[in-house]
Amino acid sequence: MASMAATASSTTVVKATPFLGQTKNANPLRDVVAMGSARFTMSNDLWYGPDRVKYLGPFSAQTPSYLNGEFPGDYGWDTAGLSADPEAFAKNRALEVIHGRWAMLGALGCIFPEVLEKWVKVDFKEPVWFKAGSQIFSDGGLDYLGNPNLVHAQSILAVLGFQVVLMGLVEGFRINGLPGVGEGNDLYPGGQYFDPLGLADDPTTFAELKVKEIKNGRLAMFSMFGFFVQAIVTGKGPLENLLDHLDNPVANNAWVYATKFVPGA
């Protein structure tokens, strides 16, 4: 555990210690801990380079040569050799980052309407994510946030058209850049349009944020898969499933549903 500095700044006494079978500094948190701001900055040595954390800890001595810790989220695991080819590696890395971002947005969108309706009393008519779309065929149609004074979503073609145009513009800017802004970057375009707060201005912070993004993106993709399975098995939203489980864990859990679930029944 990182030790707290007694003053606003201090220096770390560095010594080699075993960390998951690898030689690491005694404190993996860089000692830039300020008492006033209580800010901890992770050492990027923990996530990048040959001495980074591996997926099996001390049993990860033999990792593929092409997984050298250059990119965020590289724990040395590719048993199927899917990324042995450099072009395939670049493609898979881009797919993972983009799908992770979509999954983070999707997971929030699946939960947030249920939260707003239950505790903020916002009337969505149907807050459950996989049932909401069907409301477009109801008598009252479907309105954004359940408010008829906002954009009316009754026309599926109009919504689809706007979605294609808006997403096409954003993706085009992301890949090709903007006039006068630069050539762009497929995964991390940055700049005033994609990073207006300047969160990635510092290279060390930027490298750390990439790791946080890919880790949370992977977790969100698993979460979305869980939401899909819950929807098929229970017919309920994620928040309702969680509350049911907390209310009666014995009667509401995966094992109970696994014993009585029959696909298509």
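Every residue, even glycine, has its Cβ placed from backbone N, Cα and C.
These numbers come from a predicted model, not from an experiment.
Residues annotated as chlorophyll b 1 binding site in Swiss-Prot: Y55. Within the same chain, residues at least 6 positions away in sequence whose Cβ sits under 8 Å from that of Y55 (chlorophyll b 1 binding site) are Y75, G76, W77.
Sequence annotations record features per position, and here Swiss-Prot assigns chlorophyll a 1 binding site to W77, S83, E96, R218 based on similarity to another entry. In sequence order, G73, I214, G217, R218 are the residues of the chain that are 6 or more apart from E96 (chlorophyll a 1 binding site) and have a CB within less than 8 Å of its CB.
Taking a C-beta cut-off of under 8 angstroms and a sequence separation of 6 or more, H99 (chlorophyll a 2 binding site) has the following same-chain neighbours: G217, M221. For H99, the entry in Swiss-Prot reads chlorophyll a 2 binding site.
In sequence order, E213, G217 make up the list of same-chain residues 6 or more apart from R101 (chlorophyll b 2 binding site) whose Cβ falls under 8 Å from its Cβ. Annotated chlorophyll b 2 binding site per Swiss-Prot: R101, V151, in sequence order.
Summarising the environment of E213 (chlorophyll a 3 binding site), the number of other Cβ atoms within 10 Å of its Cβ, over all protein chains shown, is 18. Swiss-Prot lists Q135, L145, E213 with the feature chlorophyll a 3 binding site.
The chlorophyll b 3 binding site annotation in Swiss-Prot covers S155, E171. The Cβ of E171 (chlorophyll b 3 binding site) lies under 8 Å from the Cβ of no residue that is in the same chain and 6 or more residues away along the sequence.
The chlorophyll b 4 binding site annotation in Swiss-Prot covers Q163, R174, and the record cites similarity to another entry as its basis. Within 10 Å of the C-beta of R174 (chlorophyll b 4 binding site) there are 18 other C-beta atoms, taking all protein chains into account.
When Cβ atoms from all protein chains are considered, those within 10 Å of Q163 (chlorophyll b 4 binding site) total 10, not counting its own. Mapped onto three states, the DSSP output places Q163 (chlorophyll b 4 binding site) in helix. Per Swiss-Prot, chlorophyll b 5 binding site is recorded for Q163, F261, and the stated evidence type is similarity to another entry.
Summarising the annotation, Swiss-Prot assigns chlorophyll a 5 binding site to K212, Q230 and lists similarity to another entry as the type of evidence. Its own atom aside, the Cβ of Q230 (chlorophyll a 5 binding site) has 20 Cβ atoms within 10 angstroms in the protein chains shown.
Residues annotated as chlorophyll a 4 binding site in Swiss-Prot: N216. Under the DSSP three-state reduction, N216 (chlorophyll a 4 binding site) is assigned to helix. Counting every protein chain shown, the number of other Cβ atoms lying within 10 Å of the Cβ of N216 (chlorophyll a 4 binding site) is 16.
Reduced to three states, the DSSP call for H245 (chlorophyll a 6 binding site) is helix. Around the Cβ of H245 (chlorophyll a 6 binding site), 14 further Cβ atoms fall within 10 Å across all displayed protein chains. The annotation chlorophyll a 6 binding site is assigned in Swiss-Prot to H245, A254 on the grounds of similarity to another entry.
According to Swiss-Prot, the transit peptide annotation covers 1-42.
Tertiary neighbourhood of the transmembrane segment (95-115): same-chain residues 73, 122, 124, 127-129, 132, 187, 213-214, 216-218, 220-221, 223-224, 227, 237-240, selected by CB-CB distance under 8 Å and a gap of 6+ residues from either end. The transmembrane segment annotation in Swiss-Prot covers 95-115 (among others) and rests on sequence analysis.
Feature annotation from Swiss-Prot assigns transmembrane segment to 150-170 (among others).
According to Swiss-Prot, the transmembrane segment annotation covers 219-239 (among others).
Listed in sequence order, the same-chain residues six or more apart from S155 (chlorophyll b 3 binding site) with CB atoms under 8 A from its CB number zero; the list is none. In this entry, W77, S83, E96, R218 make up the residues listed for chlorophyll a 1, with the farthest two CA atoms of the set 17 Å from each other. Note on proximity: among S83, Q163, N216, H245, A254, the binding-site residues of the record, the Cα nearest Q230 (chlorophyll a 5 binding site) is that of A254.
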